[in-house]
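Down below is the structure, laid out as structure tokens.
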Amino acid sequence: MGMEVVGTEAAPAEVKVTDGEVNLFQENESKATAKEREEAVLFGSDNSTATANGAANGADLAPPKDAEEDWPEARKTHSFFFVKIRLLEDPKLKMKIDQAEKDFQKKIQARSQIFEAIKAKKNERFGIISELKPLAAENKQYNEAVSEKLKAIEPLRNRLGKFRDENNAIRAQGAGICSSIEELEKSIKRLNDRISHESIPLDEEKRLIKQIRELEKTRPKVISTSANRAQIQDTVVERDAIQDQVKIIGEGIDGVKKERQAVRSKIKVLEDELKAIDMEMGSLQEDLTAANARKDKAHESLVQLRHARDAYNASFHQNRQLLSKARDLASRSELAQVQELYKTQVDKFVAEWCNSKAFREDYEKRILSSLNSRQLSRDGRMRNPDEKPIFIETEAAAPPVEQEPIQSKMPAKQAKEAPAPQAEVSPKDESRVKAIAKPSKAKSSLDADDDYEAESPKEKPKPKEVDVAKLKEIKRQEEMEKNRLALERKKKLAEKQAAKAAARAQKEAEKKLKREEMRARRRAGAADTEASTESDNRSDGAAEAQAEDDSAPASAPVMREQRESVRYSRNVVTKSKAPLPKAILRRKKAQSYWSWAGPAAAVAAALVALLAVLGYYQYYLPASASN
């Protein structure tokens with residue numbers, strides 16, 4: 001099995017050369033180089049300065065002081081090889097994380113859509129409130145104006161009430177007595193005349209005398225009542241003026257109330273709209289709360305899955321931190337610490353490699369991709385030309401199951417136009433299909449509500465969540481379509497009823513016209529002789545025969561029309577439009593006018609004579625007896 005290592009170079013220490021030290025450059029120098037150096041030193045020198053034995057001075061043969069800069073020593077590099085642990089992603093866990101991220105993004109988008117809807121409703125609500133404020137101020141002004149006018153009219157009404165109470169008191173006081181002295185005198189005089197000029201019994205005369213005495217007793221009351229009435233009559237002008245003022249103020253109040261009512265109607269409409277918007281905002285707020293809860297739950301699932309991924313790659317993260325620390329120590333030339341860190345890491349890796357089979361399998365999985373990319377075999381050898389690449393076992397992610405779109409309710413018109421299915425389903429099969437569909441719908445709804453959690457390998461993918469706002473819009477469009485179709489049906493029914501009513505009215509008018517014609521014929525025929533009646537009967541018979549001849553060809557299209565109506569409208573009961581048979585009335589023999597006019601005149605004359613006799617005995621005889 002191959003092992004992947006990472007080399008770390010420690011910065012070498014600088015080599016400093018002093019005068020007392022042995023120059024390594026001079027020790028390693030070859031003789032040829034020394035000879036050349038000696039010749040170079042002796043070249044151009046004065047022979048007089050040489051020693052007697054011809055040897056040069058050792059100090060003159062030493063290298064110059066800047067030799068270290070011209071010929072620097074090769075820098076020594078320390079290399080330490082650490083074991084590298086690569087990142088490995090679990091395909092199942094990666095698929096779950098991707099699905100959880102998609103679900104989380106969908107929840108965020110759904111919440112943002114609800115936010116936008118709430119924002120739009122808030123703007124609409126703000127517009128309605130801005131319209132309500134001036135209307136409320138105007139309504140307040142109208143209320144103040146009405147209250148001021150009511151305050152102004154209150155004392156006038158009190159004054160009129162006082163007049164009314166006084167008038168009622170005077171009327172109650174003068175009830176049963178004469179209204180004035182003149183009327184009292186006339187009543188007394190009439191009774192006296194009756195006593196003196198008429199022949200009446202004694203009891204009647206006593207009764208009349210008693211009435212005269214009672215009238216005389218009421219004279220003081222009549223005088224006081226007439227005086228009070230005179231006083232009230234003096235206040236009539238003032239009362240009329242007050243009534244005029246009350247009328248003018250009342251008209252002003254009525255005008256202000258009409259304007260206020262118009263403003264209040266506008267305010268009521270806006271308040272109803274505001275209440276509807278508040279209700280919609282409340283429902284949207286509930287949807288937002290639910291969306292926030294779903295988003296938080298999806299985020300928790302995603303965080304848990306990410307923690308699981310981090311726990312699965314904990315060895316990779318630890319190795320990454322160790323390598324970063326080693327690079328940091330190497331950059332600071334801390335050789336001992338790098339060496340100690342290297343030894344500790346390698347010893348630990350070897351111990352785990354020898355003791356744990358799971359560690360070996362995990363490390364092998366992690367390094368396979370690196371070996372494959374470097375064209376190496378499993379044991380780290382160079383791959384032979386005929387050797388196949390290393391097969392990395394990875395489970396392919398299952399393709400996402402496409403969720404079937406929600407079938408919205410079709411309008412009635414489209415449902416009628418849609419063709420019927422070819423295969424007919426029996427009632428038993430239909431009930432079985434419905435029974436299977438109910439648990440599947442419940443399961444899909446539970447899966448849609450639950451957020452992404454740790455799934456078993458056999459768990460089915462969850463269907464996509466449907467947007468709430470989109471569903472509401474679809475339902476609203478369906479309701480509008482239903483209302484439109486209902487209105488069309490009502491219009492058609494109203495048109496049919498109107499047509500039937502018009503036909504019925506036309507038939508009634510024709511019947512009435514026929515009745516009038518028959519009555520006119522009866523009246524005209526009553527004065528004719530028997531000869532004329534016979535001629536009329538003949539003419540009626542001829543007219544009837546002609547009508548029957550005319551109705552015979554017309555009956556054919558009528559029957560055809562009835563057949564067509566029966567053929568195309570099965571459920572509609574058609575009425576026959578064939579003309580009804582004409583009724584022939586036999587005329588009675590006319591009676592003579594003088595046969596009943598003479599007796600009637602005699603009876604009337606007898607009644608007039610009887611009434612004249614009764615009037616004479618009732619009126620004229622008593623008057624003559626009294627005179």
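Glycine too: its Cβ is placed from the backbone N, Cα and C atoms.
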Among 28-70, 200-242, Swiss-Prot marks as region 'Disordered' the stretch 28-70
Suppose you had to name the range Swiss-Prot annotates as coiled coil; which of 468-519, 520-571 would you pick? 468-519
When Swiss-Prot marks a stretch as coiled coil, which of 253-300, 301-348 is it? 253-300
Which residue counts does DSSP give the compositional bias 'Basic and acidic residues' (505-519) for helix, strand and coil? 15 helix, 0 strand, 0 coil
For the coiled coil (253-300), what's the model's average pLDDT? 91
